[in-house]
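Under the heading active site, tele-AMP-histidine intermediate, Swiss-Prot lists 96. Annotated substrate binding site per Swiss-Prot: 8, 27, 83, 89, 90, 91, 92, 98, in sequence order, evidence recorded as similarity to another entry. As annotated by Swiss-Prot, phosphotyrosine applies to 114, 147, with the evidence given as similarity to another entry. Summarising the annotation, Swiss-Prot assigns motif 'Histidine triad motif' to 94-98 and lists sequence analysis as the type of evidence. Here Swiss-Prot flags 114 as site 'Important for induction of apoptosis', drawing on similarity to another entry.
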């Protein structure tokens, strides 16, 4: 079973957590090590269109996933980011939260991470030549999946 993520079909091998309403996946082109995505299962383009139960699940699970990736990737902080609409930089028409574990000095200026996220999915820079291999992504997902199997 594949997961729908806007115009993309996501293989189960790169999904490391699924709840009744949300799923978490590794990123094919991470801005920092451990950069993952959290999405509602229902393909909804804008945050305002999520139901209250979807919002609650999305953010409760985002909190759990953030805690795990911060620990696993030896971060000291986390950046959570959501681009909601084209003028906000959204390129995938499916609500999603970027979860990025952070470390001191990972960017020259702290806010440079937002510049990196802005160009992260631009069409001219989003080609398979820039993506990680399916094997690498599946291996990372397998490691992260273990944190949630209790």
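Residue numbers in this text run from 1 along the chain shown.
Placement of Cβ uses the backbone N, Cα and C atoms for every residue, glycine included.
Taking Cβ pairs closer than 8 Å, the motif 'Histidine triad motif' (94-98) reaches residues 4-6, 31, 35-40, 43-47, 49-50, 58-59, 62, 79-82, 84, 117 in its own chain, all 6 or more past its ends. Cα separation, residue 90 (substrate binding site) to the residue listed as 'active site, tele-AMP-histidine intermediate', rounded: 9 Å. Spatially close to residue 147 (phosphotyrosine) yet at least six residues away along the chain are 68, 72, judged by Cβ distances under 8 angstroms. Nearest to the residue listed as 'active site, tele-AMP-histidine intermediate' in space, judged by Cα atoms and limited to the recorded positions 27, 83, 89, 114, is 83. Figure note: comparing Cβ neighbours within 10 Å for the recorded positions 27, 91, 96, 98, 114, the maximum is reached by 96. When the binding-site residues 8, 89 are scored by other C-beta atoms within 10 Å, 89 scores highest. When the alpha carbons of residue 92 (substrate binding site) and residue 114 (phosphotyrosine) are compared, the span between them is 16 angstrom. DSSP states for the motif 'Histidine triad motif' (94-98), grouped as helix (H, G, I), strand (E, B) and coil, give 0 helix, 2 strand, 3 coil. Just so you know, the Cβ of residue 92 (substrate binding site) picks up 17 other Cβ atoms within 10 Å once every protein chain is counted. In the three-state DSSP classification, residue 8 (substrate binding site) falls within a strand.
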